[in-house]
Amino acid sequence: MFTLNRHDKRLFAITYVSAIFLLILASLFDQQISQNFSSQDSIFGTLFQNFGMFPEPLVLFLSANILSFAGYQRSRSTGLKLILTLAGLLLSFWAISHMVDDWLYYGYSTMTNIDKGLPIATANNDTGSAISYPISLKYSVSLVIWALGTFIQFKWLSKKEPKALQYLISVAIMGIAFHFLSESIIDTMKETWGRFRPYEVFGQVDGAHFTNWWQINGENGHRSFPSGHTLAGMSAMFFPFLVDRDNIKGQKIATYTCLTYGFLMAILRVRVQAHFLSDVTVSAMITFFVCFALAKLAGFSFIEED
């Protein structure tokens, strides 16, 4: 049974009242909103499309590094210490390489669009179009970011008291569960719903047609519902748990900043014609709930009682 403090109740109410309002609005005017609000020429929306997904891989990077550090510090067995440390470091590097891969894919896609005179946010999400870039660039950038980030995080962890480190170990386990569970749910729904994206419906794909968010089309290669970018943006809701538990002000700032970021990512996905409003709203609701539920199961709150 979940125990909710007053901050939990307020946060849950703000998130779901807002989301339910948007979902009702989307249920009535999904297609019209995209027709009148979206533009693939949005520079701000394109920047978020290209580089704004970092919270999702960062959750895995930070969590894996915490477990790697703890394994090295606490394991008495040399063999176990080596396994835990290397496994954590490899997982954290994989997370960073995935993040850089997304940056390069969308970045090179944007440059290709400019060269061809296409709108800058034109995406290749479900078409299988190949965007090529030097593999050496991916791994060199990944290595630099991973090494620098790991060094900074390990310095931060080395200053933690045993009690604080034990708390962070639990948070890291929750973070890894959150990353893979939320991604699995969203990806499965994408495949099952088979919903066309707005830019497909509005003329870029022959045979594309609008369907309401509650209509399941089955696997057809189209993956608009729910939004993967919104999952990535709303994954920022994990970060408040890294704030010291006695820093209530910091927890509040982190929580509402991250929530705002998640909703901003959602709105900008609608703006660049990549998703309908219902796509991003349902994704935000699912991602937030998975994080919220796992946190409560672990006995954590986004914001502790004053």
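Note that Cβ sites are derived from N, Cα and C of the backbone, with glycine treated the same way.
Bear in mind that TrEMBL entries carry predicted annotations, made automatically and left uncurated.
As written in TrEMBL, here are the features:
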| type | residues | note |
| --- | --- | --- |
| DOMAIN | 173-295 | domain 'Phosphatidic acid phosphatase type 2/haloperoxidase' |
| TRANSMEM | 12-29 | transmembrane segment |
| TRANSMEM | 49-70 | transmembrane segment |
| TRANSMEM | 82-100 | transmembrane segment |
| TRANSMEM | 164-181 | transmembrane segment |
| TRANSMEM | 253-270 | transmembrane segment |
| TRANSMEM | 282-303 | transmembrane segment |
* Summary of DSSP states over the domain 'Phosphatidic acid phosphatase type 2/haloperoxidase' (173-295), given as helix, strand and coil counts -> 86 helix, 0 strand, 37 coil
* For the transmembrane segment (12-29), which partner among 49-70, 82-100, 164-181, 253-270 gives the most CB pairs under 8 Å? -> 253-270
* Residue list, the transmembrane segment (164-181) vs rest of chain: Cβ under 8 Å, 6 or more residues beyond ends. => 56, 59-60, 62-64, 66-67, 70, 73, 157, 235, 238, 241-242, 244-245, 290-291, 294-295, 298, 300
